[in-house]
Amino acid sequence: MKFLDQEKRRRLLNERHSCKMFDSHYEFSSTELEEIAEIARLSPSSYNTQPWHFVMVTNKDLKKQIAAHSYFNEEMIKSASALMVVCSLRPSELLPHGHYMQNLYPESYKVRVIPSFAQMLGVRFNHSMQRLESYILEQCYIAVGQICMGVSLMGLDSCIIGGFDPLKVGEVLEERINKPKIACLIALGKRVAEASQKSRKSKVDAITWL
């Protein structure tokens, strides 16, 4: 297995940024779309619950409809080659004896994981559906991080979007998928301008060594 050397890693980490405008003429190839989808699918999650569903929007009219319900991101979304809608599962779907969890794992894995997961729901969450919902969103955001970094490895760009009306965007999508519960959006494409210099805390402020 080959790994990026330190120089290439640092360059990639510094070049990745929240792209605020994309090349509207750039169209993803089917290979690129499949690769982005696979990056999303392979994302890690606690107990391997994978409590998400990814909707890849490439249809320009549909992107435009969704963009109309974003806050200050309309032109950026319309310029993107694709828009990934990250949907979260509902807490009821993650109950240990429900259909989703019972059919998610191979039998040999299920007999080991399900009892432990059920115990965690009681000990950590006190069987609170609200806490379980927060847990589900945490897993979705882990996937979002992997997607954005993976897209950078492909030489492409992204922007995570939290500013949108989830109910209105859900209404746009409801004709095509069943009542989506939307965690966030990710605009995807090719940048039209170089990223500005990255601004981050110093190592002293950001990291404590013990």
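Note: Cβ is positioned from N, Cα and C throughout, glycine not excepted.
Pulled from Swiss-Prot, these are the features on record:
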type	residues	note
BINDING	Gly150, Val151, Ser152, Leu153, Met154, Gly155	NADP(+) binding site
Cβ-centroid neighbourhood (8 Å) of the NADP(+) site, Gly150, Val151, Ser152, Leu153, Met154, Gly155 excluded: Ile39, Met149, Leu156
DSSP three-state assignment for Leu153 (NADP(+) binding site): helix
Entry from the binding-site residues list Gly150, Gly155 having the most other CB atoms no farther than 10 A: Gly150
Cβ-Cβ neighbours of Val151 (NADP(+) binding site) (radius 10 Å): 23
Neighbour count (Cβ, 10 Å) for Met154 (NADP(+) binding site): 13
